[in-house]
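What TrEMBL lists as active site, tele-hemiaminal-histidine intermediate is 226. Here TrEMBL flags 56, 57, 58, 59, 107, 112 as substrate binding site. For 11-356, the entry in TrEMBL reads domain 'DhaK'. Look at TrEMBL and you will find 392-589 tagged as domain 'DhaL'.
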């Protein structure tokens with residue numbers, strides 16, 4: 001089933017026009033013909049060539065988001081995934097009528113080609129003296145569609161068309177003739193290759209939720225931007241460093257008889273403009289990782305990235321997927337073609353179109369790491385020598401506590417999915433795993449209790465992170481400070497009691513949580529308060545405090561933002577408090 005099938009809207013039929021009104025409200029240089037759903041430049045320079053595009057809605061920011069100086073002059077918007085009518089397109093041609101001519105750019109889909117083509121022919125019949133000043137460019141950059149199938153329908157138009165908008169639009173802005181703009185648009189179109197991949201299909205508002213038959217651990221290579229079936233499905237979902245080379249090979253191959261659409265040489269001289277496009281449902285976090293992996297793969301293959309663009313250019317509503325587009329730049333010795341310098345300068349030219357993403361306008365460089373930054377070195381910072389009464393018992397207790405946390409991870413995660421943000425179990429498991437590794441390396445040992453506590457503090461900061469990591473790190477740092485002040489060389493129960501009380505007091509300076517608060521502080525404070533009466537009593541107090549969070553209203557922590565009625569109805573314990581309970585119970589076994 002599709003990932004998301006709920007939407008924010010008034011009604012499904014009104015969504016497109018509502019969205020266009022919002023676009024024009026944000027971007028005051030844009031105008032809207034609401035009847036024909038045409039977005040156009042309100043201050044068009046009619047002494048220059050105009051660019052017109054459009055198609056079905058649902059691909060935002062394409063197409064309306066690319067209207068602006070140095071890009072499209074107008075965009076015609078159909079219903080979601082449906083071509084606009086020829087009448088809408090004719091209205092757009094009239095709205096942007098000018099002295100030099102108009103270039104119509106369409107993606108290669110049957111409805112778009114027919115309706116925009118019909119409008120062009122009707123315009124030419126009505127104004128025969130202007131017939132030669134309206135040109136038609138069809139962009140088909142999808143490499144998932146092989147030659148056998150493509151001979152019938154041609155390659156589909158995907159995100160590569162956005163590069164045509166920008167380059168041709170910038171050239172038109174310079175005052176170039178309609179033939180010059182047309183020739184460059186055609187050339188750029190012929191040098192494009194795009195491949196898309198999706199984890200699932202998108203959902204069209206107002207329609208039934210489709211069953212895509214894509215498994216939970218399956219992806220589809222070549223998935224179309226209108227939910228068309230792709231080239232093939234892959235299961236399980238491979239890591240990026242395996243998936244990306246496969247996708248790039250489909251664009252750059254010169255031996256695949258079904259493809260080899262773009263004349264790559266693959267000899268180390270190829271130079272490209274790279275566009276990594278979010279199909280609508282990916283997080284920025286994932287998209288950044290995809291960009292990094294694509295760059296690594298191209299660097300390894302010898303293909304040089306001259307410009308790198310990333311973001312949402314051509315989406316498919318909320319589809320969880322991405323596409324990779326490469327524009328192969330002309331070589332220095334190519335003749336009869338636009339120069340690479342011209343193409344890059346047009347790509348880099350400023351534009352006020354809302355859909356165009358910022359770029360550095362330069363060759364991407366490796367991530368900056370300064371070799372001149374000083375590396376801090378620290379000698380052992382503590383002089384106190386503090387050992388456990390029984391070194392093996394100390395080590396075994398630490399190991400038991402870590403393994404207990406790892407075992408409890410699914411249950412703690414279940415609790416946090418209800419009471420928090422779902423990461424507490426994995427956070428604690430990550431810390432426990434790192435402590436086990438340190439224990440195996442003798443970085444944690446009962447032979448050096450103070451050093452062990454400091455190591456655990458650092459692990460909490462590095463391996464856990466987030467709020468839990470900070471709280472644990474502060475607590476163990478404070479505990480280490482208190483232990484360092486002990487006059488004893490043996491970590492007796494009395495030494496632990498004094499140091500733990502001091503550490504809790506220090507922790508209180510950084511959190512408002514006080515028992516009862518439905519946080520990890522509840523069992524922690526209960527344990528420390530009862531420890532003078534013995535370990536068994538302290539563990540029982542911590543257990544009762546953790547259990548008590550099931551019926552408690554949160555006063556601090558992430559649970560404070562969750563509906564208290566829901567928490568009480570679920571009777572789920574605070575996950576952080578449960579983690580403390582798991583630790584102290586294991587320590588006392």
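Heads up, the Cβ atoms here are built off N, Cα and C, so glycines get one too.
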(request) Output, ordered by sequence, the same-chain residues six or more apart from residue 107 (substrate binding site) with a CB under 8 Å from its CB, or 'none'. (result) 55, 138, 139, 140, 156, 157, 158, 161
(message) Between 59, 226, which of the recorded positions has its C-beta surrounded by the fewest other C-beta atoms within 10 Å?
(response) 226
(message) Comparing the binding-site residues 56, 58, which residue's C-beta has the most other C-beta atoms within 10 angstroms in this structure?
(response) 58
(request) Determine which residues of this chain, when 56, 57, 58, 59, 107, 112 are set aside, have a Cβ within 8 Å of the centroid of the substrate site's Cβ atoms, and list them as they appear in the sequence. (result) 54, 55, 62, 63, 78, 80, 81, 82, 83, 109, 225, 226
(request) Provide, as an integer number of angstrom, the distance between the C-alpha atoms of residue 112 (substrate binding site) and residue 226 (active site, tele-hemiaminal-histidine intermediate). (result) 13
(request) State the Cα to Cα distance, in Å, between residue 59 (substrate binding site) and the residue listed as 'active site, tele-hemiaminal-histidine intermediate', rounded to an integer. (result) 9
(request) Only counting partners 6 or more residues apart, tell me which same-chain residues put their Cβ under 8 Å from the Cβ of residue 57 (substrate binding site). (result) 15, 16, 19, 77, 78, 79, 80, 81
(request) Take the Cβ of residue 112 (substrate binding site) and count every other Cβ within 10 Å, whichever protein chain it belongs to. (result) 24
(request) Please find, for 56, 57, 58, 59, 107, 112 as listed binding substrate, the greatest distance between any two Cα atoms, in Å. (result) 14
(message) Return only the integer: C-alpha distance in Å from residue 56 (substrate binding site) to residue 226 (active site, tele-hemiaminal-histidine intermediate).
(response) 9
(request) Between the Cα atoms of residue 58 (substrate binding site) and the residue listed as 'active site, tele-hemiaminal-histidine intermediate', find the distance and write it as a whole number of Å. (result) 9
